[in-house]
Amino acid sequence: MLVKLAFAGIKSRIKDYVVLFSGLVMSSAIFYMFEALATNQSFIKNNTTVSGASIIFQLGAVLLTIITLVYIFYANSFLMSMRRHDYGMFMMLGAKQRKIGQLILLETMVIGVIASVIGILVGWLLTSTLGNLMMSVVIGSHLKHFSAFYLPAVLTTIDLYLGLFMIAGIVNWLSLTKTQVLQLLKGDQQPNRPVLRPVAQLIQVIVGLVLLAVGYYCMAHVQTIGLIGIFIALVTIVAGTYFLFNAVFIWLVLLLKRTSWANRGLNTFTLSQLQFRIRNYTKMLSIVSILFALALGAITVGIGFHRQIDLMANVNSPYTMAIPDPKPVTQSCVDRLHLATKALYQQKQTRTTVYYNAAELKAHPVQRVTTTLAEMQKQHRSHVAVRYGTVSVDQLKKDPVALEMLQSGQQQTKTAKVVSAAKFAQMKGTTHHLLVFRVTNLKASQAALKTIQNSESLAAGTVLPGGYGMLVLGTALYGGLEFMGLFLGIAFLAMLASCLMFKILSGATSDRKRYMMLNKVGTRPSVLRRSINREVGVLFILPGIVGVIHVLFGLQLFTLLMINPYDQLWIPFTIFILLYISYYVITVRLYERIVLPKIQINN
């Protein structure tokens, strides 16, 4: 009997559940994709450049889990609000709270199973198509032993999401036991009529601004504060956002109702619609603004990482590659490149030291990067012309770190030392040669450089010193961050959109009566649509503005990983805002189909 009631309840609200499913399915799909890429050991072992990115995907899975937990609790509160009346009726007819609690738990688990299964199927499809393609692009190489279906990832996804839904179901069960039957029956019809208290509102505004200032400061100074600054920022920004919405939104609605603007057209009706559920809206807008910031921030940072890989490689070393004991074939390949500089140094290696000839270093000085990170950040762009200088022989004698950075293999643990030509000739030890060079365009020479590196006998997962080695490692690290950022952004966007759409559409049935009354008194359809556009628009614009502000301050957190996180912000902002507007248009159209009468009455 409980099973029939559970499925009947879901069937009766299938349209509302579909809205929530969009966020849940996207979340579980992307979680599965992250797990399939991060935990497939055969895939990781056969793609050494992916090993660094796998850690990033695990981090992304953890972040997605945390946000999904919040989303599931919030989504379940919506579902409970829809089903409160039904549960109240069951209790009025004699059903025990224990049975109703079991029904709630069963409904929640059914939703969880359906969302998880569909999410895994969607994730499988995403992983086999878009995931494979994007990984190949961001990592920069063909993926070996890649499998879109990975059973451990399936089991992890099912276990996690069913566990989250189990927790949410138990919480719903406990909350029901504390709710009176009358409140269950009439709770959705009780308006929240806030009273404007200037002093209390002002205090909330001040507290909200102070909390936001503390959060923004912690993100901007995380290097000095430490990781604790991130947790402080998370708490203070969420709390500050809620206080601001709770104070400003209520104050704005009540003040607008006292102006002459409220008496024009249906403005009073629109404001009353917002006022009717204003307390619930403040909570929802706070959560949506945080999700908006997370989604926009993830996409912005993800695209930003892609733009700076080449620059980081050029800044990392004055040379593109440092090859020990180059073969004749390797030297001929190097000579065919477009070179900016090239030098060949003789070495004599002992058990603990690598010796260099001062005469060679004087004839062909070792180069260094003179452009600093601070200078690049001041130029407010990622595409900066990198400047190079030289290191004198005297400087190398005092501090040979510039030479040690070019040593690879067994020489990495040995100390570099510069001696005179006469002393170098008398030195005993194994003779080696070190070829260093820099190409004019690193990006254009990648294919040839990859061939040169593959011709060297290198251990798995290692690269030659120089800019190209940094490019390979950076592509795996930053490419993984880019991949994670883009898909986390998509997941967060789906969650925030479903929160907004569901909150608005869940009240559409009760709003239909009000729009029918307006239609009967002769209100034009265009005026009704304008009122809907404004009402829904406010609920989309407010969290959007706050979310953008959060992102602009939050990007300070990534100055440790990115040269200039604010470079070309218009690209991710434009992409995200267009997607956000499309959700707004869909929500308005769905709302209109529910509330607007089929037959229009015009005077």
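Note that Cβ sites are derived from N, Cα and C of the backbone, with glycine treated the same way.
Owing to the predicted nature of the structure, the values given are computational and were not obtained by experimental measurement.
Quick look at what TrEMBL lists:
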- 17-34: transmembrane segment (TRANSMEM)
- 54-79: transmembrane segment (TRANSMEM)
- 61-174: domain 'ABC3 transporter permease C-terminal' (DOMAIN)
- 100-126: transmembrane segment (TRANSMEM)
- 146-174: transmembrane segment (TRANSMEM)
- 195-217: transmembrane segment (TRANSMEM)
- 223-256: transmembrane segment (TRANSMEM)
- 284-305: transmembrane segment (TRANSMEM)
- 483-505: transmembrane segment (TRANSMEM)
- 538-563: transmembrane segment (TRANSMEM)
- 569-591: transmembrane segment (TRANSMEM)
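Touching of the transmembrane segment (284-305) and the transmembrane segment (100-126) is ruled out by the presence of fewer than three CB pairs under 8 A, sequence neighbours closer than 6 excluded.
Across 17-34, 100-126, 146-174, 195-217, 569-591, stretch 195-217 shows the highest tally of CB pairs under 8 A with the transmembrane segment (223-256). Long-range contacts of the transmembrane segment (195-217) within the same chain, counting only residues at least 6 positions beyond its ends with a Cβ under 8 Å from a Cβ of the stretch, are 232-237, 239-244, 246-248, 250-251, 254-255, 553-554, 556. If you count C-beta pairs under 8 angstroms between the transmembrane segment (483-505) and each of 17-34, 538-563, 569-591, the highest count goes to 17-34. The list of residues near the transmembrane segment (17-34) in space but at least 6 beyond its ends in sequence, with Cβ under 8 angstroms from a Cβ of it, reads 10, 57-58, 60-61, 64-65, 67-68, 71-72, 75, 78-79, 111, 114-116, 118-120, 122-124, 126-127, 131, 153-154, 157, 160-161, 484, 487-488, 490-491, 494-495, 497-499, 501-502, 505.
Residues 215-216, 219-220, 222-223, 230, 233, 237, 241, 244-245, 249, 274, 281, 285-286, 288-293, 296-297, 300-301, 304-305, 308, 311-312, 373, 376-377, 382, 384, 481, 496, 500, 503-504, 573, 577, 580, 583-584, 587 of the same chain sit 6 or more residues outside the transmembrane segment (538-563) yet have a Cβ under 8 Å from a Cβ within it.
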